[in-house]
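Enquirer: Shown below is the structure under consideration.
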C-alpha cells in the first residue's frame, strides 16, 4: 500500500507543475545536445548546427506558453489613472468671494504728470548741456547724417579755402608792391 500512495503523489505533483507551468516541469525533461565537428573551419557546419538548434527550439515553442512583451505607450491606461486622482464636480456650490471694486480716480493730465510739484527739476551735467546747445559753425563734434565734411569751424571746402588763401596772398603781394 505504501507503493500505491507514492504512485498517487507523483502524478499529483506532475499535474500541479503542468498547471502552474513552473520550473519543476522543465527540470524533469532531458536536455538534448549535439556535438558538431568540422574539417573546413566550422563555417558551413556551424551554420547548419545553428539552423538545427533554431528548428529544435521552434519545435519546442508550441509546448511552452509564449510571453508577449508589450512595448510602447499606453495612453489610455495612463489617462484613466490620472482621471481618478483629479475629480471635478459640477454643480457644487461654493461661496463666491466679492472683490471690492475700487473707485476709479479721475485725474487730469496735468495732475498725473505733475505729482512732484515740490521737487526741483533734475540737474543736467555740463557735458550734456554742451552737446544739446546749438553752437552753430563751431560745433565740437561733427555727427549725424548731414555732417559730412564738417570740421570744428563748420563745413569746409578745400578748393574754396585754397582760392581764398591765394587771393589773400596775391592781395598782400600786390599791396606790398604799391
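In case you wondered, yes, glycine gets a Cβ from its N, Cα and C as well.
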Enquirer: Of 32, 67, 150, which does Swiss-Prot mark as N6-acetyllysine?
Expert: 150
Enquirer: Between 152, 160, 167, which does Swiss-Prot record as N6-acetyllysine?
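Expert: Swiss-Prot annotates N6-acetyllysine at 152; the rest carry no such entry.
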Enquirer: Looking at phosphoserine as annotated by Swiss-Prot, pick the matching residue from 87, 108.
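Expert: Among 87, 108, the residue Swiss-Prot annotates as phosphoserine is 87.
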Enquirer: Could you let me know which of 14, 92, 147, 156 shows up in Swiss-Prot as phosphoserine?
Expert: 147
Enquirer: If I look at Swiss-Prot, which residue among 37, 53, 93 would I find recorded as phosphoserine?
Expert: 53
